[in-house]
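Under the heading ATP 1 binding site, Swiss-Prot lists Gly676, Thr677, Val678, Gly679, Ser680, Gly681, Lys682, Ser683, citing sequence analysis as support. Positions annotated as ATP 2 binding site by Swiss-Prot, on the basis of sequence analysis: Gly1308, Arg1309, Thr1310, Gly1311, Ser1312, Gly1313, Lys1314, Ser1315. The compositional bias 'Polar residues' feature in Swiss-Prot is assigned to 884-901. The domain 'ABC transmembrane type-1 1' annotation in Swiss-Prot covers 326-607. The annotation domain 'ABC transporter 1' is assigned in Swiss-Prot to 641-864 on the grounds of sequence analysis. Here Swiss-Prot flags 957-1237 as domain 'ABC transmembrane type-1 2'. Marked as domain 'ABC transporter 2' by Swiss-Prot: 1274-1508. Sequence annotations record features per position, and here Swiss-Prot assigns region 'Disordered' to 879-904. Per Swiss-Prot, the feature transmembrane segment maps to 46-66, 103-123, 133-153, 170-190, 203-223, 361-381, 439-459, 463-483, 953-973, 1067-1087, 1089-1109, 1186-1206 (among others); the stated evidence is sequence analysis.
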Amino acid sequence: MWLLSSSPWLSELSCSYSAVVEHTSSVPVPIQWLRFVLLSPCPQRALFSAVDFIFLLCFALHKLFSSPSSSSEINGHAEIRKPLIGIRGRTPTRTTAWFKTTVAVTVLLSFCSVVLCVLAFTGKRRTQRPWNLIDPLFWLIHAVTHLVIAVLVLHQKRFAALNHPLSLRIYWISSFVLTSLFAVTGIFHFLSDAATSLRAEDVASFFSFPLTAFLLIASVRGITGLVTAETNSPTKPSDAVSVEKSDNVSLYASASVFSKTFWLWMNPLLSKGYKSPLTLEQVPTLSPEHKAERLALLFESSWPKPSENSSHPIRTTLLRCFWKEILFTAILAIVRLGVMYVGPVLIQSFVDFTSGKRSSPWQGYYLVLILLVAKFVEVLTTHQFNFDSQKLGMLIRSTLITALYKKGLKLTGSARQNHGVGQIVNYMAVDAQQLSDMMLQLHAIWLMPLQVTVALVLLYGSLGASVITAVIGLTGVFVFILLGTQRNNGYQFSLMGNRDSRMKATNEMLNYMRVIKFQAWENHFNKRILKFRDMEFGWLSKFLYSIAGNIIVLWSTPVLISALTFATALALGVKLDAGTVFTTTTIFKILQEPIRTFPQSMISLSQAMISLGRLDSYMMSKELSEDAVERALGCDGNTAVEVRDGSFSWDDEDNEPALSDINFKVKKGELTAIVGTVGSGKSSLLASVLGEMHRISGQVRVCGSTGYVAQTSWIENGTVQDNILFGLPMVREKYNKVLNVCSLEKDLQMMEFGDKTEIGERGINLSGGQKQRIQLARAVYQECDVYLLDDVFSAVDAHTGSDIFKKCVRGALKGKTVLLVTHQVDFLHNVDCILVMRDGKIVESGKYDELVSSGLDFGELVAAHETSMELVEAGADSAAVATSPRTPTSPHASSPRTSMESPHLSDLNDEHIKSFLGSHIVEDGSKLIKEEERETGQVSLGVYKQYCTEAYGWWGIVLVLFFSLTWQGSLMASDYWLAYETSAKNAISFDASVFILGYVIIALVSIVLVSIRSYYVTHLGLKTAQIFFRQILNSILHAPMSFFDTTPSGRILSRASTDQTNVDILIPFMLGLVVSMYTTLLSIFIVTCQYAWPTAFFVIPLGWLNIWYRNYYLASSRELTRMDSITKAPIIHHFSESIAGVMTIRSFRKQELFRQENVKRVNDNLRMDFHNNGSNEWLGFRLELVGSWVLCISALFMVLLPSNVIRPENVGLSLSYGLSLNSVLFFAIYMSCFVENKMVSVERIKQFTDIPSESEWERKETLPPSNWPFHGNVHLEDLKVRYRPNTPLVLKGITLDIKGGEKVGVVGRTGSGKSTLIQVLFRLVEPSGGKIIIDGIDISTLGLHDLRSRFGIIPQEPVLFEGTVRSNIDPTEQYSDEEIWKSLERCQLKDVVATKPEKLDSLVVDNGENWSVGQRQLLCLGRVMLKRSRLLFLDEATASVDSQTDAVIQKIIREDFASCTIISIAHRIPTVMDGDRVLVIDAGKAKEFDSPARLLERPSLFAALVQEYALRSAGI
């Protein structure tokens, strides 16, 4: 090779023209000049001397111009940390291992330079030419420089310097580059024909190289390693303190450089994991510098200022935060690139050595030693690069999640709707992860051209001009890959968009599963999600088949380009021997890495750019304006809330006001009620006071802190106590008082764990009234100045509402400013002021009597209420008579009792009635949300079997193995053919055409086999992924309601997103790669042991060591991966929960509390990720080191074995395979571990495919007649219900008959079991005993859809799905537009919908948030009116509408459902007064069941309830 020639420039110090240019050489002159400048001793010494001189000059000038005054302290301690300044004062310091190592390295370099200087001056010189003085002078300057640096570093402790000076850092970087050139020159000189022994300067350069590499790292880090008393840390004051105080901080925080270099800090954790499965508590916390709270501050401080007008703020900020880490990984990548080509270059030397062309008997051992050192440096830099890149990715993900969360708490309402909760969750779960993963691929983009250039230069030395064919071939491959990348970019973009849509639909389905089951809409949502999935699957298939095409090109490139290059070389007359051929094939194999990683890097880059764009869009979304409301904690004067000339809109971009001409003033301590019809703007008015709406004009002023109770309850997943305290400390006396005034004491008494009872997701195990009272208690406990209560009485019964109004609103909150939105006219004469709203304007305001006399809007509301109360008051009069003292001659005393008749007054004593009026029961008080189950130990073979055989059984596995083995066999055949044709004994009969023809045929067979294999693996993966998706979707839809009550949606969503993505893409790809790696590893062992057979004796124990390492590592890694998955779900859940309750959080100013909780959850997750990455590189370093030892042992035996035993061509073949042993061995074992960790996703999906299902949806053998129910007769016989085994009964033996067409009202205290009765009639909860017979059919014998689809229901909480008015009122598309309009007209919404431009296609956002709660309830009524069921259930259906609208709805129901059986749960007594019968439920028992009139004639519980409802206003 031309680099190993005996040219004089390689060994002489002459800088003459003759030493540079050899006119007889075939090497071009520019290349000779480049070679001379970089690798010749003369310019090297000149460059190094210049660098030394410049540094010494800078040092001298700095000392010269440092005045004595600079030694004094400036601003306290400002100058104490500046090095090179003579500070006389002493500061207490502590040295770390980093400082000590730096000192040791500088002293060693100084010693080495001094020794070489002495040798240069005392050594014998052959001639007295002038340039012979270059060497001694160079070493003299070099020795002086290193001595100065050693003294400087030692004096840093005296001056308490925390950072190295910039001049020193620049010098160390330059020194590393130049020392690298010295070392390369030394290697080439040793390998050259003229070399007889190693020179002293060559040995010195080999010795100095790792030392300067350490100083390079020191220059990038910048810190000296000294810790002063002021800081206690080289980075942050708080870091060291936190390390000392924490008992279980990651050992990385305090690890020495040596420990970090070889991942020794991971040993204790891996040891624990090997002995027993790791638990969450055993995994150490993150180092302080890696914690989310520190990174969040760094991100905020680096965010571009508005004046910068940055169009890509995320990218800019991340670069500012992590440029040092990016630079350090880039340096590692360059060092790795520098040593990875040493092996291919040495192949020719090994072949020459075994051929007898040796300059020294020791040359073989030197070659083995160089190979060992080069592989060691390659392995170390590779895994340090991987670890630091993954750590950087982890830091970026942590930074982004906390930033996204903080932004979520600031978004305006319209911005929140534009992005949607599902998409925002994807920003955290997908886009942040995408940018994190990108860090491992980042440097491959610019390293690829450099790596290819180096390879081509080396190839040019071996093959000359024929390398042009390789350039053309590689260019063609790159063009194909680039076009494929561009195509994949489009596929990936569409795939992510469709995945977002599927996740959004899945999230919506999970949130409203109760309504879906009530309406028997599972099939509709199944089709809807499958429609999204089919679109996603189409893009997924295109994406994966395109990737498979890229893989085929990548795997085929070495043989294809080799064939073209060898053909060109023979055509040009280049002699091909074993050394040249196998050096070439090895270089092409090395080029596989940039060819493989470049397209993947481009894909990752394109995905990252898409993600950056999405995140930029989100982070630049509008935030709530801080000046929308003028806030003051202490205000002079009497005004607490004031709005002047206010106009407000929900849309930031639209100036069409939702509220206009708003003018009102509330004095301190006043109770102001806000009333109006449905959709008049009452809730919006409260939002405007809170600053939640876009202020178009006007002024809002609020004095003091605010507390908000939303109309739709927002409850956190946690304990009752946590929800009430809401971040404040427990004050028991105050806490108990709050429980009392919010009527929660008896509820808590009935709960198994009292206020420690865990509340399910979205308060699923609480009644509507209990949720409302808990969030009211939360507000009262906060002791705010201004309270905004949005319809807090709608979800509670009359007695509870009266109690809360008296004890809470007029009691505990007396003296506070309260704005109360209410439909309860009864309370209005006890308020200080009333605001009446219509169409977004305040049309009236004043006191009760003033407004009634005006006869306008308020008068209509009061009139409607009084009309509805007439029946109640008449009943109350009867009740008063019934409950008056009676004589034994009273005619009522002898009236016969029905089976359900109430007991007489003698039985219903005062305590009994009081107990009933104040009783509450919780339906289930035990711990509801279960800890997520996780498998421990090895992933079972059953999971692998289920995945691999799901598509085509065992035949799928057999075919993959067959094609993999035959493909690898064809690759081996091509290399055996090269070895045979280039052997010495075949040289005489060598036929170029036969050589090329044979190689091309083998190459084509290899390409065909790898194509079949790749496409088949892709097909298997896609088919399996779709099967798994359909299985889990089907399982979830068939799951009983109890499953959703006890399983947070975050757990299901994590399986539908992260786990499904793993099954879609990662697992099939990686599983195919594992098979390829193991077949490649098998081929390497066969070839290596075939020609260096003694190596087999070492392979067996080293192979056992590999297996032991794998099992030792996997025991911990598997659990860390599982815990990583488990700790991800709480981040998602907490985020979506926070977005849902953001108005409540903001009103109480609790953003910081929730941000800290987010930070805590992020840290919990990232510590798993960090230690998992550490364990991966711990394993990788050791495995690759073992592979390198096997290679070097094999090379040593090739040197030791006589030439008649091992032929040169076999040496080339063996080394070309052996050089990739370390990386293939690592990737084979690492990928198998990676696959096992990712197989946890299959395991997790499998958990949810085995959920116990509810009963069949349809039963053909018991299909009811099409017109069933015929009459609506309902018979309950000893009905008993409990929610889960071993829990108390909720309904305790109810027996009753309801005749067809009867209107039955169900009343009872909050949590008494009313809603449970409806659930059991729909079989959302199966009876624990008894029967339910409807029109002669036992409903337990019917299919669930056959049952539920025949009933109509308006649920307690109105639910709208994202879509349009049409898709919400008729989701199954069974009715015509005419029928829909008629239904909307009957439910009072026709005018509202008709005024919208899109009419029936008007937008409904997630949960119908662009419609008022009352309008949502009316739309739900419209659904039922279309259905026209014979049996109708109303679960507090009019709780959120005013009395006027309630009266209209009741009238509609009476007219449209006159012949239907109606079972209505109601808190408003007027809604049941005109019913046929009333069912009174108390503590799960049917206490009374009779007509309202008969119940009022005697001292019944119902009579007491009616009387209390009628008189509650008077008593307030």
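Any Cβ shown, glycine's included, is placed from N, Cα and C.
Features as recorded by Swiss-Prot, highlighted on the structure.
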| residue | record | Cβ contacts under 8 Å, 6 or more apart |
| --- | --- | --- |
| Ser680 | ATP 1 binding site | Met837, Arg838, Asp839, Gly840 |
| Gly681 | ATP 1 binding site | Ala658, Leu659, Met837, Asp839, Gly840, Lys841 |
| Lys682 | ATP 1 binding site | Ile674, Val675, Gly676, Asp790, Asp791, Val821, Met837 |
| Ser683 | ATP 1 binding site | Gln711, Asp790, Asp791, Val821, Ser1412, Val1413 |
| Lys1314 | ATP 2 binding site | Val1306, Val1307, Gly1308, Asp1435, Ile1465, Ile1481 |
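For the pair Gly1311 (ATP 2 binding site) and Thr677 (ATP 1 binding site), the Cα-Cα distance reads 28 Å. When the Cα atoms are compared, Gly679 (ATP 1 binding site) and Gly1313 (ATP 2 binding site) turn out to be 31 Å apart. Residues 544, 547, 555, 947-948, 960-961, 964-965, 967-968, 971-972, 975, 1013-1014, 1017-1018, 1020-1022, 1024-1025, 1099, 1213-1214, 1217-1218, 1220-1221, 1224-1225, 1227-1228, 1231-1232, 1234-1235, 1238-1239, 1241-1242 of the same chain, all 6+ positions outside the transmembrane segment (1067-1087), place their C-beta atoms under 8 angstroms from a C-beta of that stretch. Long-range contacts of the transmembrane segment (439-459) within its own chain (CB-CB distance under 8 A, at least 6 residues past either end) are made by residues 326, 329-330, 333-334, 337, 341, 344-345, 386, 389-390, 392-393, 396, 467, 470-471, 474, 565, 583-584, 587, 590-591, 593-594, 597-598, 600-602, 604-605. With all protein chains in the displayed structure included, the most crowded Cβ environment within 10 Å among the binding-site residues Thr677, Ser1312, Ser1315 is that of Ser1312. For Gly1311 (ATP 2 binding site), the Cβ neighbour count at a 10 Å cut-off comes to 25, with all displayed protein chains included. On the 0 to 100 pLDDT scale, the domain 'ABC transporter 1' (641-864) averages 87 in this prediction.
The list of residues near the transmembrane segment (361-381) in space but at least 6 beyond its ends in sequence, with Cβ under 8 angstroms from a Cβ of it, reads 187, 190, 198, 206, 210, 261, 332-333, 335-336, 339-340, 342-343, 346, 349-350, 353, 1181, 1184-1185, 1188, 1191-1192, 1195-1196, 1199-1200, 1222. Comparing Cβ neighbour counts within 10 Å across the binding-site residues Gly676, Gly679, Gly1308, Gly1313, the minimum falls on Gly679. Away from its own ends, the transmembrane segment (463-483) comes close to residues 26, 452, 456, 550, 553, 557, 560-561, 564-565, 567-569, 571-572, 574, 580, 584, 588, 591, 595, 598-599, 602 of its chain (Cβ-Cβ under 8 Å, at least six residues beyond either end). Within its own chain, the transmembrane segment (103-123) has Cβ neighbours under 8 Å at 135-136, 138-140, 142-143, 145-147, 149-150, 153-154, 200-201, 204, 207-208, 211-212, 214-215, counting only residues six or more beyond its boundaries. In the three-state DSSP reading, Gly676 (ATP 1 binding site) counts as strand. Per-site Cβ counts within 10 Å over the binding-site residues Val678, Arg1309 peak at Arg1309.
Secondary structure from DSSP puts Ser1315 (ATP 2 binding site) in a helix. On the backbone, the CA of Gly1313 (ATP 2 binding site) and the CA of Val678 (ATP 1 binding site) stand 29 Å apart. A coil conformation is recorded for Gly681 (ATP 1 binding site) in the three-state DSSP classification, outside any helix or strand. Across the structure, Ser1315 (ATP 2 binding site) and Thr677 (ATP 1 binding site) place their CA atoms 27 angstrom apart. Each residue contributes its Cα atom, and for Thr677 (ATP 1 binding site) and Arg1309 (ATP 2 binding site) these two points are 27 Å apart.
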